[in-house]
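Per Swiss-Prot, the features are as follows:
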type	residues	note
MOD_RES	2	N-acetylalanine
REPEAT	8-46	repeat 'HEAT 1'
REPEAT	47-84	repeat 'HEAT 2'
REGION	47-321	region 'Polyoma small and medium T antigens Binding'
REPEAT	85-123	repeat 'HEAT 3'
REGION	85-239	region 'SV40 small T antigen binding'
REPEAT	124-161	repeat 'HEAT 4'
REPEAT	162-200	repeat 'HEAT 5'
REPEAT	201-239	repeat 'HEAT 6'
REPEAT	240-278	repeat 'HEAT 7'
MOD_RES	280	N6-acetyllysine
REPEAT	322-360	repeat 'HEAT 9'
REPEAT	400-438	repeat 'HEAT 11'
REPEAT	439-477	repeat 'HEAT 12'
REPEAT	517-555	repeat 'HEAT 14'
REPEAT	556-589	repeat 'HEAT 15'
């Protein structure tokens, strides 16, 4: 390649070569990330004739550099002269698609898929398809796995003779000796099926699907379950029973729990793909078995799908199927030995209320909710409480309130701070559903207790919780019930609690407005400017800066300004700094 002697146009390429050969990975990475700038400077012709061959030859670098290169090349079409020259990008990407590191290969495949759309049909056949064939017939499994992701993007736009060849290559990959290749083929089978003609789906994809679904490796079989969804969507209803269902039944009872888990995980999609009749005859019994599976992971995956499955049952049989076939299984899952299973069920079970309506909810679901509210696992109780809105719409929450209260109190005092945090986040929702009287009587004291929790994240969440409660119940309520308690904390011996008063005033002032802030909260803030602890004093300055915009100008001048000016003379540097900042921001300086 030409040297950079006195020729400015060559300068960027010289820098690039120097940096690409530099010992320092970071420099090599930076130069790769600037590749588009360099290509622009070189122009399309030299990018094609010099830069790309150079890059193709240097593919033996750190994975991070190769990953950046694979990504860059996917956006290079205009830099090589547009679609008619896009095939020049194939050699470096082909090399990248064969490297050992999976992340690099995947990125190269992603870029190849992107630029495939910019090839004309004749260029696809002349350049892209030969690349796919080379990768698919490569000696290393890495190139064969990469090939699997390239069939669906070129298949629709090539001649029928080439299509037949591509199908043959894909068939070979599905029966490759290496499990990693069969896995890659299984994971792309569904998307390949989508671009095939229906006759070929029936005659060629279905046999591949059946073979992969009975592969000796469970990691291959479980990917065939994913493909099943796509294939079932493509076939007419009358073919499903013969072509797909035997394989699906076999997967639902597979000896490997990972395959059964995949069936449970994809159940909603499978259900929609096969339609109401097959659901009634086949999927309902299969779902019952998955809910009773011996492996907890499978039961948990099925539990997650309970609500969606019931929602999607056809209206004529929905209630009957739920009451006679699904509910008995749910009742067993409520007292499952595994807490993940119970927790998964608790996150969706409330959603059955709107489906079953008021009477069935009260008779059948309510006892289950109450049992779950008393469960020893906090996640179960939390999941029930966080989904109360579904039930509230159907039966009103009063039915639950007697059991709710002990559950809420227990969670509010749970030893794990993350559990306490989660219940705080649901408090505004609960408050809105339970009403102000119930809240004041039973929950107000909890909300105040959180303000003095020993974990800062809880105190912080409790503060913003107060704001949301005032938004729900109004500022008069705040004035009567919350503000007096918050202000009382300003005399607490613990300086952290005194600071919490300031944090609460910051957020309450936003929702309570000028009148309440000026008359009731400001005097406390101003008084706290004389606190013995510097941390409290500088938070006074921050609070005044925060609530200043809410106050009227005369209050700012007569009450706030003197206090801030006094704080600028404080012996503590932080107090001085924040007081000065507040004066500046409020335009009082």
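Positions of Cβ are set from backbone N, Cα and C atoms, glycine also.
Away from its own ends, the repeat 'HEAT 9' (322-360) comes close to residues 284-285, 287-288, 291-292, 296-297, 299-301, 303-311, 313, 368-369, 371-372, 375, 377, 379-381, 383-384, 386-388, 390-391, 393-395 of its chain (Cβ-Cβ under 8 Å, at least six residues beyond either end).
Note on the repeat 'HEAT 5' (162-200): DSSP counts are 33 helix, 0 strand, 6 coil. Distant neighbours of the repeat 'HEAT 2' (47-84): 1, 13, 16-17, 20, 25, 28-29, 32-33, 35-36, 38-40, 91-93, 95-96, 99, 101, 103-104, 107-108, 110-112, 114-115, 118-120, 123; these residues of the same chain sit at least 6 beyond its ends, with a Cβ under 8 Å from one of its Cβ atoms. Sorting each residue of the repeat 'HEAT 2' (47-84) by its DSSP state yields 28 helix, 0 strand, 10 coil. Sequence-distant contacts of the repeat 'HEAT 5' (162-200) (same chain, six or more residues past either end, CB-CB distance under 8 Å): 125, 129, 132-133, 136-137, 141, 144-149, 151-152, 154-156, 208-209, 211-212, 215, 217, 219-220, 223-224, 226-231, 234-235.
Here residue 280 (N6-acetyllysine) comes close to 314, 317, 321: these same-chain residues lie at least six apart in sequence, with C-beta atoms under 8 angstroms from its C-beta. Classification of the residue listed as 'N6-acetyllysine' by DSSP places it within a helix.
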